[in-house]
Amino acid sequence: MAPILSIRDLRKTYDNGFEALKGVSLDIQPGEILALLGPNGAGKTTLISAVCGITRITSGTATVAGHDVQRDWRQARELIGLVPQEISLESFEKVRRTVAFSRGLFGKPRDDAAVERVLRQLSLWDKRDSTAMQLSGGMKRRVLIAKALVHEPRVLFLDEPTAGVDVELRRDMWRVVDELRREGVTIILTTHYIEEAEAIADRVAVISRGRILLVEDKDSLMRRMGRKVLHVALQQPLVAIPADLARFGLALDDGGRRLTYSYDTKAERTGIATLLAALAECGIAVADLDTEASSLEEIFVGLVHGDDAEGEAAP
Amino acid sequence: MNLRAVRAIYAQEMGRFFRTVTQSLVAPVLSTSLYFVVFGAAIGGRIEEVEGVSYGAFIVPGLIMLSVITQGISNASFGIYFPKFVGTIFEVLSAPVSFLEAVLGYVGAAATKSFLIGLIILATSWFFVDLSIAHPVAMLAFLVLTCVSFSLLGFIIGIWAGNFEQLQLVPLLIVTPLVFLGGSFYSVSMLPGIWQTVALFNPVVYLISGFRWSFFGLADVPVGISLLAIAAFTTACLAVVWWIFRTGWRLRR
Ligand SMILES: Nc1ncnc2c1ncn2[C@@H]1O[C@H](COP(=O)(O)OP(=O)(O)OP(=O)(O)O)[C@@H](O)[C@H]1O
Ligand SMILES: [Mg+2]
């Protein structure tokens, strides 16, 4: 399938000479949900702004459904919805009017039913006649989403949609994303919450210092990295790992009081039962057991950390 | 051409105007009345007539121009500066809206507002003085052109301004003096020698002169030159707007 969004060697140098994007290439398939992860200042917002026409592109291309965002900007932008990171709304404008305004900006005929639909979808219908000023921060964010959705975009950019949002609203947001996914909307979302990416994304891209470090299917990423660790706390410290236990590849730490065993969660047999039996055979008494999963978070931190170290070595 | 976007921007801007309609209208009406009281009564007591027109009536075209010019600039500059300031401009930038369409929406609304204010002031004047308009069509044409050109200027200022001080700077330092010295309250022929020549470098003189001609049939400079001057000014503003459009200057980072 042809990608709906295709970014090729995109570079952005700001007026002050700072290079925020250093050649980003990325393909996104129709209907896909991509989570763009990266530390503060990585270039997430810059990337989104470049595609959406808010910043000028220094070099490289981006196309939306085959329309170049610079050459065929009108056709490209008609397909895009954007929820910005910063909440910016006209304070004195009523919710219903500001949403209708967005629809007009995108050249769609006035359609009160469409406005009502999106307001209901975002649980804003009760607030339709409130002004932005009268809304809480979370509600304002919903208004921004309503504004981005009301012209029925095929590609939706959500720049940190759940920053500073309570748990309930975050779940709500995930539900909306799920509904949109079923409608076939392609979503690119940036977030600092790894569990959010784990919960809703199909693919994960990690960006740091203006470069994409990794793009991978979330499940395969989890599988690749999906190792679990079993910590076995011992009643008596060990000096060395007994030869009988060598096949388990254990590590001994905490002054000989803890054995660490890593295993693949997806494997048929984890080997935990065998390990425990072997420990009993060697007469090693177990005080406690504890498991730990490696999460996207660790993968992410590992990647970005590596990148930072490299950046420092060769700035 | 995304006409629906032009309409949306225009309607939103007009909505802002009508939300504060009392403020928007009371202020100009009040200040006009004050001008009449102060200038009409105080000075009018001494200068009864200027070239056969009663002083009270004589200052009406100048008063209208004064308001229309300052309102056009402040409405348009604020209209585009405000979204830049609060960040809502992102929506216009990311929508399928060309710069021309944005200009039509924002400048159209600002020009409409100042046009309405001009009419209101004209109506207010009728309470104070007897007025007859010799060339109504020319009067409207001058009024509309002035509203449009100064709203364009305001738009440019609003895009250029990086903060509120700058937003006020140009109107305060350049426009207000030019307008006050533009012959709102006197005929250029009443100025002493050298100042008559100096006045001719003030573009606003041509505007007010032409506008006054459309009321009373008398002018400081030939009306054709007035028309030429305002056409040239409008063209200059359009050229700057076009240049901003070509370069994306100060709107897209
Ligand atoms: N207008 C600008 N002029 C100069 N530099 C800028 C400008 N906007 C952003 N930058 C720089 O570009 C880099 C990337 O910024 P960007 O906003 O894209 O980061 P981000 O990944 O969205 O970060 P965050 O997670 O904090 O939102 C940062 O180092 C930032 O300081
Ligand atoms: Mg950001």
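Glycine is treated like the rest: Cβ placed from N, Cα and C.
Per TrEMBL, domain 'ABC transmembrane type-2' is recorded for B:19-248.
What TrEMBL records for B:21-43 (among others) is transmembrane segment.
Residues or ranges marked as transmembrane segment by TrEMBL: B:55-73 (among others).
According to TrEMBL, the transmembrane segment annotation covers B:85-109 (among others). Counting only same-chain residues 6+ beyond the ends of the transmembrane segment (B:85-109), those with a CB under 8 A from a CB of the stretch are 1-3, 5-10, 13-14, 17, 75-76, 79, 148, 151-152, 154-155, 241, 244-245, 251-252.
Summarising the annotation, TrEMBL assigns transmembrane segment to B:115-133 (among others).
Here TrEMBL flags B:140-161 (among others) as transmembrane segment.
Look at TrEMBL and you will find B:167-188 (among others) tagged as transmembrane segment.
Feature annotation from TrEMBL assigns transmembrane segment to B:200-219 (among others).
According to TrEMBL, the transmembrane segment annotation covers B:225-245 (among others).
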Query: Under 8 Å, at least three CB pairs between the transmembrane segment (B:167-188) and the transmembrane segment (B:225-245) (pairs 6 or more apart)?
result: no
Message: With Cβ-Cβ distances below 8 Å as the criterion, list the same-chain residues six or more beyond the ends of the transmembrane segment (B:55-73) that contact it, or say none.
response: 28, 31-32, 35-36, 39-40, 43-44, 47-49, 110-111, 113-115, 117-118, 121-122, 125, 128-131, 143, 146-147, 149-151, 153-154, 157, 170-171, 175-176, 179-180, 182-185, 187, 204, 207-208, 211-212, 214-216
Query: Who are the long-range neighbours of the transmembrane segment (B:21-43) in its own chain, taking Cβ under 8 Å and residues 6 or more past its ends?
result: 55-56, 59, 63, 67, 71, 113, 117, 120-121, 124-125, 128-129, 185
Task: Give residue numbers and ranges for long-range contacts of the transmembrane segment (B:225-245): same chain, 6 or more residues beyond its ends, CB-CB under 8 A.
output: 99-100, 103, 142, 145-146, 148-149, 152-153, 155-156, 159, 203, 206-207, 209-211, 213, 219, 251
- request: May I ask for the residues of the chain that lie six or more residues beyond the transmembrane segment (B:115-133) and have a Cβ under 8 Å from a Cβ within it?
  value: 24-25, 28-29, 32-33, 36, 40, 54, 56-57, 60, 63-64, 67-68, 71, 139, 143-144, 147, 214-215
